[in-house]
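Database features, via TrEMBL:
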type     : residues : note
COMPBIAS : 1-22     : compositional bias 'Basic residues'
REGION   : 1-73     : region 'Disordered'
COMPBIAS : 49-64    : compositional bias 'Low complexity'
DOMAIN   : 77-104   : domain 'C2H2-type'
DOMAIN   : 105-132  : domain 'C2H2-type'
DOMAIN   : 133-160  : domain 'C2H2-type'
DOMAIN   : 161-188  : domain 'C2H2-type'
REGION   : 209-240  : region 'Disordered'
COMPBIAS : 230-240  : compositional bias 'Polar residues'
Amino acid sequence: MGHGCRGRGHRVRPQRAARRRGATPIVDKKRKFKEDPEDLPTPPPSMPSPTSTASSPPAASIHSSDGKEGGQRDKQFTCGVCNRSFGYKHVLQNHERTHTGEKPFECPECHKRFTRDHHLKTHMRLHTGERPYRCDHCDRQFVQVANLRRHLRVHTGERPYSCEHCSAKFSDSNQLKAHVLIHTNEKPFSCDRCQSRFRRRHHLLHHKCGVPDKDLPSPADSDDDEMVGGTTTVTPRRPQ
């Protein structure tokens with residue numbers, strides 16, 4: 001064993017002698033691997049590199065057609081009406097129904113129609129009574145998860161919707177929209193009896209109108225909740 005160690009020591013001497021003579025020394029490959037990690041051999045499959053995982057998506061899913069990274073899918077499906085682009089064909093088809101008015105999904109109970117299948121699934125809970133989203137604070141249950149999130153702000157005090165005209169904040173976006181009408185002086189809800197206008201729908205519904213029924217249009221000519229030119233016209237309660 002001792003002779004072997006001395007033998008390895010003698011192998012280094014020719015390199016030292018070559019340096020003294022000014023010759024190019026012999027490169028020890030083992031030392032080069034230690035000094036230059038890029039030259040290290042590729043690890044076997046059982047030892048994956050730290051940057052790769054078994055769940056990593058293929059390169060095509062994280063690079064767009066223009067070479068950009070970030071997980072964005074190339075938007076190759078374009079709407080022929082408004083030129084909006086989408087990454088998936090079914091998303092484009094859903095969008096196109098906003099232009100065509102097509103509602104292919106029909107409720108078997110009340111025959112109401114919807115543009116998307118998940119809207120129908122949510123609507124069906126009104127018939128089945130299913131309320132799958134429960135509040136952990138007060139055990140109230142909701143049909144939609146969005147309604148649960150809105151309700152939770154009652155417990156947390158969160159008010160994420162701020163008025164750009166004043167410092168008022170609201171927990172619900174509809175509350176903010178109604179508040180902004182105060183600043184803009186808009187009154188989108190109109191009485192179809194006397195043409196009085198209101199900022200909120202429930203104010204219109206509780207409006208006591210003195211116009212007699214004989215001056216009203218026939219039911220076939222009007223809808224109880226019809227949007228006309230951005231203005232909602234609702235038949236209020238008959239005065240008692």
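Here, residue 1 is simply the first one shown, and the rest follow in order.
Each residue, glycine too, has its Cβ placed from N, Cα and C.
Any TrEMBL annotation is an automated prediction that lacks curation.
As a summary of secondary structure, the domain 'C2H2-type' (105-132) carries 12 helix, 4 strand, 12 coil according to DSSP.
The residues of the domain 'C2H2-type' (161-188), classed with DSSP into helix (H, G, I), strand (E, B) and coil, number 12 helix, 4 strand, 12 coil. When pLDDT is averaged over the domain 'C2H2-type' (77-104), the result is 92.
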